[in-house]
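This report concerns only the one structure given below.
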Amino acid sequence: MLEAWNFSHSTFVFRGFPALQEHRRLLALPFTASYLSVLLGNSLLLYVICSVESLHSPMYLLICMLCVIDILVVTAIIPNMLLGLLFDWDETSLAGCLTQMFFTHFLSSLESTLLLVMALDRYVAICHPLRYTEIVDSSLFMKLLLFTLLRSGSIMGTLVGLADSLRFCSSNLIQHCYCDHMALVSLACDSTEKNTAAGLAVIICFVGVDIPLIFFSYMKILSAVLRATAPDEDRWKAFHTCGTHLIIMMCFYLVGSVTFLSHNLNIPIPTDVNTFMGLMYILFPATVNPIIYGVRTKEIRNGFFRIFKLRVQTAMTVKVAPAGKRQM
């Protein structure tokens with residue numbers, strides 16, 4: 001009896017799409033395409049911003065940080081998931097599971113804080129343009145970076161620490177394709193009240209604080225732009241831009257909150273649907289952010305075309321020069 005009481009699983013198996021097990025290899029195709037598009041889109045945006053000197057400003061630095069976070073958080077999940085779908089390598093140790101859990105939730109929380117900082121940056125730039133350089137400087141960036149790392153690191157470290165203290169003596173099948181917090185905690189034999197409370201605290205800390213501030217910033221931005229612009233086209237452009245940003249952010253927060261709280265609040269969501277939502281709240285923003293903040297931004301588009309034209313001119317010069325020598 002004592003051995004049974006002290007027993008706890010040290011390895012776990014992911015079962016993210018139980019109803020689609022026969023077609024799991026086909027599932028790898030869209031997720032591989034999504035992963036490649038995330039890598040390509042965010043890497044290209046990083047390259048353009050780093051290469052064009054005129055883009056070395058606070059706003060574009062924040063976009064660079066968003067690109068890095070998107071690449072890292074998707075990389076923390078998708079490669080392991082693809083190995084499971086293609087080669088049935090879906091087993092993980094408890095330590096590996098907790099490590100993936102920490103980095104997945106840590107990076108997602110960093111993205112939440114970064115979206116808030118970007119909204120506040122645009123608010124200061126548009127509503128207080130004369131004081132922008134005075135308010136937004138390197139000192140502020142360092143303070144924000146320290147605050148972001150401390151907030152996300154301490155909260156997610158506590159979350160993972162509470163999960164590590166549990167015993168898992170019944171099933172070792174994680175009904176997800178990566179180590180989601182409550183998907184693992186739901187397998188525990190011990191009381192999970194502290195874990196449930198910690199999960200709710202995460203939602204309150206990030207969704208309850210960040211969303212209202214982001215929404216307030218964009219409403220102020222939209223109000224300032226609408227007062228300053230007379231032509232209908234400019235007003236529609238401002239409304240469309242702010243609306244698009246808010247829709248993408250709300251998708252990130254809403255879907256992430258539902259998946260995070262589904263176990264806490266006993267929301268009856270099918271495993272396949274919950275797994276898909278858990279992937280989409282990470283994959284979707286990482287895929288569309290390069291379009292929203294890159295392709296749709298005039299300065300970045302111009303920077304890309306400038307680099308492209310320079311590359312073409314350089315290639316043409318290299319090809320034409322030898323031919324010219326032979327003619328001489």
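Note that Cβ sites are derived from N, Cα and C of the backbone, with glycine treated the same way.
Caution: TrEMBL annotation is automatic and unverified by curators.
Here is what TrEMBL says about this protein:
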{"type": "DOMAIN", "residues": "41-293", "note": "domain 'G-protein coupled receptors family 1 profile'"}
{"type": "TRANSMEM", "residues": "27-48", "note": "transmembrane segment"}
{"type": "TRANSMEM", "residues": "60-82", "note": "transmembrane segment"}
{"type": "TRANSMEM", "residues": "102-120", "note": "transmembrane segment"}
{"type": "TRANSMEM", "residues": "140-163", "note": "transmembrane segment"}
{"type": "TRANSMEM", "residues": "197-218", "note": "transmembrane segment"}
{"type": "TRANSMEM", "residues": "238-256", "note": "transmembrane segment"}
{"type": "TRANSMEM", "residues": "276-295", "note": "transmembrane segment"}
Reported mean pLDDT - the domain 'G-protein coupled receptors family 1 profile' (41-293): 84
Two-stretch contact, the transmembrane segment (27-48) and the transmembrane segment (197-218), at least three Cβ pairs under 8 Å: no
